[in-house]
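Down below is the structure, laid out as structure tokens.
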Amino acid sequence: MTRGELFLANEDLLPVEEKKKTWTHLSFVAFWIADCFNLNTFTIAGSMIMSGLTWWQAFICVIIGYTLVGPLVVLNARPGAVHGLTFPAVNRTTFGIFGSLWPVINRAGMACIWWGVQAWLGGECVYIVLRAIWPSTINIPNIMSPASETTSAYILSFCIYWILSLPTIWVPIHRLKWLFYAKAIVGPAVGFALFGWTIRRAGASNVFSNRADQIPISDSGKVPQVLSGSALGWAMLRAISSTFNNMFTLIVNSPDFASRSKTPGAAVWPQLIALPVGFTITSFIGIGICRASGFILGEQYWDVLKIMDNLLVHDGTASHTTRAGVAIIGLGFVYVQLLMNVAANSISAGCDLTALFPRFINIRRGGYVAAIIGICMNPWTLFTSSSTFTTYLGAYGVLLSCIAGPMIADYWLVRRGHYRIADLYTLRRDGWYWYTFGVNWRAYAAYLAGFAINAPGFIHTVNEKIQVSVGMQRVYYLSWITGTGVSALIYVLCCFIAPPAGMNRYFMDVDESEYFTEYVGEESLHQTDSCEYIDDKPTTDMMAF
């Protein structure tokens, strides 16, 4: 490996070793059960109610959304499951050796921001636990300015969560499955416990009746507007889009976990079934809790943590039983959020930053970089209202959908499973992924087309003073279709007009470079734990940490 090619590879960028492929069918089922029971999913489901949908309309949107998400996760995970490649390496096949850097930067930035969002939710869980155990927590002197829209007690709780998260980042991916097995038990336990508790207090017959539709929303103090006709249809489409936007980080980074799969099949059916079923059940719980809050607290809350917080002060001082229940459920959610952040964000950021700075950063170090950025971005500003939260999710989906579309199209429709893994780690001009000076213009044409079609609606959503047509606003509501679909279509068309190297007529999962036989078997890359060899001369090992 030449000095110029050194930035292309380290241990975390090369194909995963067989001994680290430890994820079985059960591992993926446990992963998705563990992942679906998180506060973000509860919150999104509650936001649907706040937008004016009835509980059953919101539930239909949830079923449709997550059922459509499953196939996208499986399709994008296939290269990782077959060849043991993580997202940055798979992305090179589509965008080029150098062209892949922008999507990697894009996703790394999003992963760091999303890490902060999930960490803030985890910090709120810590606050709930502290307040349930020590009610005097609410009396901690507030030194934060009103403009910060938070208090010292919440900042303290956020810092406690941040410290608790540091050990979880240290665990290697192939050993995380045991933590996810535990989370697959803890997550459903606390989710169903809170659901059963609130439904019992509110009365099941009340929660799923029309009476709940007449209870005001906490954000506005007004009764939700009854929707009908086209307004209802577009509200439901926006709700479906919110489920996609919630999942795009996992769609894009699905090769990261699939690369640890023992067999390619282990990353197929468990994800197709466990993902939609798990997220649908969790969303139903979120809808039920949101509806029940109206009868218990007098207002409907879209944030599950605000519901738990208000349970501690409703009707005066909470009883010891209520405080104990809130504390136990809160502790469970703290653990859930810790593992949720590792799965969705720490590993994503780690893999991406490894691709950007392979000599200095591995997955573990990248996770810690994400944690530092996450605490600096003031994530609490995104949770001032459900509309702010939905706006952020929309932006997130628009950016990532334009990356996922070309990646899926490249593997399944253009190359049809044919890879040359050795060409991912070389600057040779005859390599498949060199394209034009290391950049695949076809992928960038597709990326820009997918983003451009959603840009006007997105700009209007962020700043309503900027007027755009109703049609462009509605295109943005469908960003999960327009972003992914348009970018995939344009990519395929460009490839048929100007076929890239490796384009194939027949589908077969195959590495035409025979990387594992020619390179790994003969150790021609002189691989060590850190890949720190230049022209056969070892350098200082910088990747031990």
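Backbone N, Cα and C define each Cβ position, glycine as well.
In TrEMBL, annotation is done automatically, which means it is predicted and not curated.
According to TrEMBL, the features are:
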- 28-49: transmembrane segment (TRANSMEM)
- 55-75: transmembrane segment (TRANSMEM)
- 154-173: transmembrane segment (TRANSMEM)
- 180-199: transmembrane segment (TRANSMEM)
- 231-252: transmembrane segment (TRANSMEM)
- 272-297: transmembrane segment (TRANSMEM)
- 324-344: transmembrane segment (TRANSMEM)
- 365-383: transmembrane segment (TRANSMEM)
- 389-412: transmembrane segment (TRANSMEM)
- 432-455: transmembrane segment (TRANSMEM)
- 475-498: transmembrane segment (TRANSMEM)
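Distant neighbours of the transmembrane segment (154-173): 20, 119-120, 122-127, 130, 140, 144, 179, 256-257, 260, 334, 337-339, 341-342, 346-347, 350, 363-364, 367-368, 371, 374-375, 380; these residues of the same chain sit at least 6 beyond its ends, with a Cβ under 8 Å from one of its Cβ atoms.
Counting Cβ pairs under 8 Å to the transmembrane segment (231-252), the stretch among 55-75, 272-297, 365-383, 432-455 with the most such contacts is 55-75. Residues 27, 29-31, 33-38, 42, 207, 282, 285, 288-289, 292-293, 296, 304, 307-308, 325, 328-329, 332-333, 335-336, 339, 343 of the same chain lie 6 or more positions beyond the ends of the transmembrane segment (180-199) yet place their CB under 8 Å from a CB of it. Panel annotation: around the transmembrane segment (28-49), residues 55, 57-58, 61-62, 117-118, 121, 125, 177, 180-181, 183-184, 187-188, 190-191, 224, 239, 242-243, 246, 250, 257, 261, 266-267, 270-271, 274-275, 278-279, 281-287, 289-291, 300-305, 333, 336-337, 339-340, 343-344, 386, 389-390, 393 of the same chain, lying at least six beyond its termini, place a Cβ under 8 Å from a Cβ of the stretch. Nonlocal intrachain contacts for the transmembrane segment (365-383), taken as residues 6+ away from its ends with a CB within less than 8 angstroms of a stretch CB, comprise 108, 111-113, 115-117, 119-120, 148-150, 154, 158-159, 162, 165-166, 169, 303, 342, 345-347, 349-354, 389, 392, 545.
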